[in-house]
Each structure stands twice: as C-alpha cells, then as structure tokens.
Amino acid sequence: MSSGGLLLLLGLLTLWEGLTPVSSKDRPDFCELPDDRGPCRGIFHAFYYNPDQRQCLEFIYGGCYGNANNFKTIDECKRTCAA
C-alpha cells in the first residue's frame, strides 16, 4: 500500500474512533449500577445512566443513600457515563 493510502486509512480510523461511543470498559463501574431511589422519601428529579439503553434517564431520588449512578443534571450524567 502506498504512503498516501496508509495516511488515508489512518485518518479514517482516527475519525471512526472519534465517532464511536465510549465502550463500557472506559466508563466508571458505577455507571453500570441500577437507579436507586434510596430509603428516604424526598422527591428529587435526578438522572442515572442506563447501560442497556445506553443513555441517561430521569428518575426520582429520595434524597439519601442510593448509589453513585445518580446525577443532578443530564449533562453531568452524559459527561461521566455516556460521553
């Protein structure tokens, strides 16, 4: 293969890498945890990452305990688990 062809291939692979979503091995382990309301009875809109749907979803957080897959904003969830 010519050097021009190799450069083109390298460029395409680099572009592909930038377009592919983060694999599960690159995201924190807590992103795999289920949504967890916790035992308290508050009503707080929060977001968690759903690994089956590969997106951040809203849920109601009770205000205490729960787990680390719990974000105040969808943007924070996406930056941490889906980006």
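Keep in mind that glycine also has a Cβ here, set from the backbone N, Cα and C atoms.
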As recorded in Swiss-Prot, which of Cys64, Cys77, Cys81 forms the disulphide with Cys40: Cys64
CB contacts for Cys81 (disulfide bond) [other CB atoms within 10 A, all chains]: 24
Overall pLDDT for the domain 'BPTI/Kunitz inhibitor' (31-81), taken as the rounded mean: 98
Position of peak Cβ density within 10 Å, selected from the disulfide-bonded residues Cys31, Cys40, Cys64, Cys77: Cys77
Around the Cβ of Cys56 (disulfide bond), the count of other Cβ atoms that are within 10 Å: 23
